[in-house]
Structure formats: structure tokens, C-alpha cells
Amino acid sequence: MATELDKIFLILEIAEFIIGMLGNVFIGLVNCSEGIKNQKVFSADFILTCLAISTIGQLFVILFDSFLVGLASHLYTTYRLGKPVIMLWHMTNHLTTWLATCLSIFYFFKIAHFPHSLFLWLRWRMNGMIVMLLILSLFLLIFNSLVLEIFIDISLNIIDKSNLTLYLDESKTVYDKLSILKTLLSLTSFIPFSLSLTSLLFLFLSLVRHTRNLKLSSLGSRDSSTEAHRRAMKMVMSFLFLFIVHFFSLQVANWIFFMLWNNKYIKFAMLALNAFPSCHSFILILGNSKLRQTAVRLLWHLRNYTKTPNPLPL
């Protein structure tokens, strides 16, 4: 039977699901309608749409996972149900993270200005480089899936012990295997984080250089390029902040799950963990002029609709 904590946890998870769905469905619908209308799909819109679709899939997996943890946590230890849910969550999370990273890199090459020949060469081949990053992410996904499968097999075989911590103390070999596998899974998460952090640092350097050139030419410090730099930096910084919260929450959740199974604190870690797919879409909407203007028009129409008095029945 669900406790009060379980009910609060499920209510908050459903709220995160609704918030995330609203933002990502909006992004997908706007970009698809624009692509159909213009008969052309731009690279940024394509990445945004793929990111929205991937996040929608992740949100559904998260919702199912939350109901499983909140209402039937004992089923999580079953090999037939626990393994597919964990694998699906990691796959959708991997795709979402890498697509968000590709979007950060795309904005960097689209907005930043450097006279260096290497930067110009990479910028000229930006679309091909994004494709190569996506191919790299697929290879890493295969590697992660193989490592994760071994990790789950070992964990689910021992998680039904009455005292997992004591069992791991007695079996140092198993503990060492779990530690190595967990380290490998964590290291692969640092690759998209480091790429996004590098993009942010170079965006900042480009903004400083651009602002200094404007001051030297007596044109002030605000123009369209400066604003584009700042918007892109805010988007990448917000992504990095959410990613840091997401990454550390994942480590805490894994530790609680495998060392203190069925502990109530895993629910708080899951709430923080799932903030990334729920909130990131609204950061993307605010940072994209087309999406932001469409959202403002939609809210304006909804406001006018709610204020329109209903006609009296005859």
C-alpha cells in the first residue's frame, strides 16, 4: 500500500511529466509545422526536434519508472521487469544528453567568431561534425548498454540479499566489479559534459573579443551578435547546471539503490534526477527567438480566450 511519501512523490513526478511534455510537444509541433510550411528543415530545428522526441520518450519511461518505484518497488528486483526499465531509461537519457550537447556545439559554431584556421575549417564542416558526434554517441550507447547489462546482471543477482552492504563486504570481487563498471558508466557521461563546457568557455571568449572590438570601433557594446552570444551562453550554462544536478543525482540514486535498497531517500534523488528532461525544454524555448515568439502569441491567444465572456443561453 502506498504511503503518504509515495503519494507526494508520485504527484511531483506527474507534475514533472506534464511540465516536460508541454515544453517538448510544443517544440516538436512548432518545428514540424514550420518545416512543412517552408518545405525545408534547418539543422538547428532538426536537432531540436530530435531532442524533443527523445525527451518525450524519456519522460514516458520516467513516469512508468516512478509508478513502479512508488507503488510496486518489490517488482524492481525482478529480472524480467527491472532490467528492461533500467536499460530503457539509460538509453533515452544517453540520447537526450548527447542531442543537447550537439545543440550546444551547433550554437557555438553558429554564433562564435574566431579567425583561427582550425575554427573556420570546423565551422565550414559543422553539419558533418554534428553527424560524426551523433555516430560517436551511438557507439558509446552500444558500449554503455553492454557495460550496463553486466552491471544489472550482477546487481539484480545480489540485491535480494537481506543485507547488501554486508554481502559486498564479504565478496570483495563482486564489489570491485561493480565499482569498475560504475566508473566506466560515469566516465562516458563526462564526454558530453566536457564538450558542452568547452563550447561555453569558447563562447565566453568570443563574446569578450567581440565586445572589445565594438568598444575600439566606438559602436557601443550591444548589437545583435552580442545578444546572440549572451542568449547562447545562457542556454549552455542552464544545460550545464541541469546536467550537473542530473549527473550527481544519478550517482546518489545508484548508490542508494544498490547499497540501501528500498530506502525512501531514493525518491528525492529521482525527483532531482528527472528535473533535467522536464525543465530543459523551457530553457530552449526562451533561448530560441522563433519558439519564444510563438509561445508568446499562444499565451496571448489563450489569455484573450479565457477573458472572452460566454454567450448567455437563449
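Backbone N, Cα and C define each Cβ position, glycine as well.
Over in Swiss-Prot, the protein carries these features:
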{"type": "CARBOHYD", "residues": "Asn163", "note": "N-linked glycosylation site"}
{"type": "TOPO_DOM", "residues": "1-7", "note": "topological domain 'Extracellular'"}
{"type": "TOPO_DOM", "residues": "29-50", "note": "topological domain 'Cytoplasmic'"}
{"type": "TOPO_DOM", "residues": "72-101", "note": "topological domain 'Extracellular'"}
{"type": "TOPO_DOM", "residues": "123-127", "note": "topological domain 'Cytoplasmic'"}
{"type": "TOPO_DOM", "residues": "149-187", "note": "topological domain 'Extracellular'"}
{"type": "TOPO_DOM", "residues": "209-238", "note": "topological domain 'Cytoplasmic'"}
{"type": "TOPO_DOM", "residues": "260-265", "note": "topological domain 'Extracellular'"}
{"type": "TOPO_DOM", "residues": "287-314", "note": "topological domain 'Cytoplasmic'"}
{"type": "TRANSMEM", "residues": "8-28", "note": "transmembrane segment"}
{"type": "TRANSMEM", "residues": "51-71", "note": "transmembrane segment"}
{"type": "TRANSMEM", "residues": "102-122", "note": "transmembrane segment"}
{"type": "TRANSMEM", "residues": "128-148", "note": "transmembrane segment"}
{"type": "TRANSMEM", "residues": "188-208", "note": "transmembrane segment"}
{"type": "TRANSMEM", "residues": "239-259", "note": "transmembrane segment"}
{"type": "TRANSMEM", "residues": "266-286", "note": "transmembrane segment"}
Residues in the topological domain 'Cytoplasmic' (29-50) grouped by DSSP into helix, strand and remaining coil: 18 helix, 0 strand, 4 coil
Cβ contacts under 8 Å made by the topological domain 'Cytoplasmic' (123-127) with residues that lie 6+ beyond its boundaries: 43, 106, 109-110
Proximity verdict for the transmembrane segment (51-71) and the transmembrane segment (266-286), three or more C-beta pairs under 8 Å: yes
When counting Cβ pairs under 8 Å to the transmembrane segment (188-208), the leader among 8-28, 102-122, 128-148, 266-286: 102-122
Positions whose Cβ lies under 8 angstroms from the topological domain 'Cytoplasmic' (29-50), at least six residues beyond its ends: 99, 102-103, 106-107, 110, 126-127, 130, 284, 288, 290-291, 294
The topological domain 'Cytoplasmic' (123-127): DSSP-derived helix, strand, coil residue counts: 4 helix, 0 strand, 1 coil
Segment-level pLDDT (mean, integer) for the topological domain 'Cytoplasmic' (287-314): 77
